[in-house]
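If you look up TrEMBL, you'll see Glu339 marked as active site, proton acceptor. Sequence annotations record features per position, and here TrEMBL assigns Zn(2+) binding site to His338, His342, Glu361. Sequence annotations record features per position, and here TrEMBL assigns domain 'Aminopeptidase N-like N-terminal' to 36-231. Taken from TrEMBL, the feature domain 'Peptidase M1 membrane alanine aminopeptidase' applies to 262-473. Per TrEMBL, the feature domain 'ERAP1-like C-terminal' maps to 570-879. Taken from TrEMBL, the feature site 'Transition state stabilizer' applies to Tyr426.
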Amino acid sequence: MKGSIVGLWLLTAVITLNLIANLEVVGYRLSRYIRPSFYNLSINIQDDASNPGTTFNGEVAITLQSNQSNLLEITLHKKLLNITRCLLYNKDGRLQQDIAASQLRYDNETELLTVPLLQPLIVNANYTLYFKYSGKVQSDTLGLFSKEIWNAGNSSARAHKVFLTQFESIDARFVFPCFDEPAFKAKFQLHIGRPSGYNAVSNTRLMETTNEGKNYFVDHFDVTPIMSTYLVAFLISNYQARGNISDYAVLSLPEHYNKTEFSYNVGKRVVAAFNELFPISYKQLGNDVLLFASVPSFDIVGMENWGLIFYSEELLVQKPGYTDGFVHKEFTCRMIAHEIAHMWFGNSVTLSWWSHLWLNEGFARLYEILVTHQLYPEYHLDQQFVIHLQTIFDEDAMNSSHPLSSSESSIQTESEFEELFGSFSYEKGASIIRMWRSAMGAVNFDNSINSYLKQHHLKNTSPSDLFAHLKQNWPAQPEVVLDTFFSDFTEQVGYPMVIVNITQNQQRVILHQKRFLNDYEDGSDATLRYTIPITFATNVKNTFDNLTPYTYFDKNKTTVEISFKEPIEWIILNLKQSSYYRVLYDKPILAQLKLALSKNGHSSIPVENRAQIIDDLFNFAHAGMIDYVDVFEFLENLKNEFDYVPWYAAYKGLIRVSQRLTPQQLPYFGKYLNNITSAVFAKLTVKSNSDDTVMDVYNRQLQVSLLCRYQNTECNNQVKLHFEADLEKPSPDYRETFYCAAARTTGYARILELYTNESDLEEKHMLWRALSCTRDYRAHYNNMVFNSKIVENKTDGVTQMYEENPDLITPILSMLAENITKWSNFLGDSWETVVMLNKMSESFTTVEQANLFAELIDENSEFFGTDIEVLESALERVKMNLEWAKQRLSNLNNYLRRR
């Protein structure tokens, strides 16, 4: 028996090793032996009367060279294409080989197409590889896809389709056989066939249109600059242009022409600003054309195709009275700047592989902020940047975090590509680059970036190429090992916190560092250390505008000491939160900072640092490093705070805490809010004023949302008074917040009337969410939510009811449990109910709610089937949350009761 077990073990081991070996030999990447230089691409949409616009025909001739002798095959990409002809022409333009389609080898997993050759390619000679093929127009945002455009005011009559492309990151292969990796740059010339009644635009200027007969035309476009396949794009539509399509224009549906003036003007200003900023202007990059095209119901906000940027219609089209508020305009300005920044970062200078996505997206995000702030300073995006930084801090402190840069071999499969395009490469990437900019100084940074862009124009880069230019311009003092500094924040996961202690004589400050984690027991490596730029200011020396590091905290050192000639009262590190780390002050320093912030002018402590201290304190308390009582006592200085950015940090932290408070504890929390918000709410009130700044508008929305949700009497009374007396619509920025607050009091019936009469779908959905803020949850559920024909309305309505009325979550859960199977049937299947209940469980804060949830799961286990595992996991999370609150919030609850 023992021998049999050993034999079985050996057999299993051999099979396992063979499986691992087979996995390792799967090659997703192209060899570097073949290089394309030019694609001549023709795409013809088929005008099939019975099923128009579902297929296309294509032809592509790829000029390529080999840098390796004795090559007997060419490998490139394709996906879902039916190839009918493959020809290879030699350097003299003569046919060298006609390859039958049956001889082509294709791997479905890697999407690699191999063309066998009868004789080897001559090194460095030009060959032309020709394919004739057909493909399918997709319905989702992959490759070449279509969007249905409906006649305005007539939802039953479809007018036509819009055809467009989305190739980033690996979807050009859906439309033509190609070398679909960013390092395989080439020039492209496109010829787009389309039926009459449509027009086509592409990356470059339209050169001519030929009439092919039978109401079919082909548009021929100029040659593109050298670029990657993911940037090739075309659009077939009946759009109208604002501007000149041979130069600069915004393209939209004809009925939206008068709503694109704002985005058109923003784009002109942004391009001019970038032309001033960088050594190579947009047109000098190699393309004379820059078009913006609006895409209805676009899955993404924007796509930086060189010369033909696609934006969601909601962004480019400003609907008066609906999307022309400050929030939407700020977002429009930023996103237009973001995609235009890509013309330099991504299009001209392109990442060598997707594992370094931050080289594209981090720079685009940073320059989106810098340029928009330069052009539209009223949005204070320099200050608002810390909101982005603090948001990514939360994600980067989890076990699921990952380094900015990863090995090329770690990004191969489709699922790995999908994980790339979250907020991480954008927000952390921008934050780290901003840290380098602050440490080396703006002038040195600009010199580095200018030389980087010039040297690598039309080329591919890796982080080491960027670092080389930064090092050339880095100040000699203070000393720092730059390679280590760069790698600590790009190749290493997470970020540090600096712990600050002051000596008894108040003339020395001792700094320690450790990695910050939300949960030090989640399996993350807490031993990681970082090279940290140390900047500081004190009550004696106000140096908040000097972001040059005093020193660098060497990762190999245990402590850093800062000495002063005379005693100091307080010190602030990480000035304007310009670097990527948190700061934990000891109690004596924190007490002095609270006093300093309570004085007029906040003792000149800038907005960014006021927000930083608040955000850091909340996160230290969440991780169990300090008590929440310390945080809430410190927040009492908010009685003197009127700026939006610190209040945003407070709002985020307060909401997070409130989500763990029981309905019985919430009234005490509400009284605390009434106290710390009294001054700012008295200044802003619930009514917009003509002299409001943009930040006032943002802050009012935040204050009313917070106070009315937690039953602030003054907030509710003011909303009720103004809602009943003023029939004018609030501004788009504030409308949902105001209507939501009104629905809690006496405004439900009127908002329901507005909802019933509204034709704009986005506005209608906003009004639905506002209606769902009502405290008469049972009537709204029975009369509106339960009877809605839209699944999204049903689930959003329930979510809104308990999120905007957290004290009512127990009876809302009981109401759902009464007829959960009927509810699921109305949703269409049980999965939608599971998703909704899973989300709802995140807000459970009492044993009673946990028991109700457990009963619901137990009584409906057969109905939910295998999906029950999701709810069982949710129940375990609820128990963990209850235990967390017991450990972390007991002292806070006592504090709130005593106040």
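Each residue's number is its place along the chain shown, starting with 1.
Glycine too: its Cβ is placed from the backbone N, Cα and C atoms.
Everything TrEMBL records as a feature, shown here on the structure.
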residue : record                             : DSSP class
His338  : Zn(2+) binding site                : helix
Glu361  : Zn(2+) binding site                : helix
Tyr426  : site 'Transition state stabilizer' : helix
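For the domain 'ERAP1-like C-terminal' (570-879), the model's average pLDDT works out to 94.
Annotated pair Glu361 (Zn(2+) binding site) and the residue listed as 'active site, proton acceptor', C-alpha to C-alpha distance, rounded: 10 Å. The Cβ of His342 (Zn(2+) binding site) lies under 8 Å from the Cβ of Glu304, Asn360, Ala364, each of these being in the same chain and 6 or more residues away along the sequence. Those same-chain residues not listed among His338, His342, Glu361 yet with C-beta within 8 angstroms of the centroid of the Zn(2+) site C-beta atoms are Glu304, Glu339, Ala341, Phe345, Gly346, Asn360, Phe363, Ala364, Arg365, Glu368, Tyr426. For Tyr426 (site 'Transition state stabilizer'), the count of additional Cβ atoms within 10 Å of its Cβ stands at 22 [all protein chains shown].
In this view, Glu361 (Zn(2+) binding site) is surrounded by 26 other Cβ atoms within 10 Å of its Cβ, with every protein chain counted. His338 (Zn(2+) binding site) sits 10 Å from Tyr426 (site 'Transition state stabilizer'), taking the C-alpha atoms as the reference points.
In this structure the alpha carbons, written CA, of Tyr426 (site 'Transition state stabilizer') and the residue listed as 'active site, proton acceptor' are 12 Å apart. In the structure as shown, the Cβ atom of His338 (Zn(2+) binding site) sits within 10 Å of 26 other Cβ atoms. Sequence-distant contacts (6 or more apart, same chain, Cβ under 8 Å) of Glu339 (active site, proton acceptor) comprise Gly302, Met303, Glu304, Ile309, Tyr311, Ala364.
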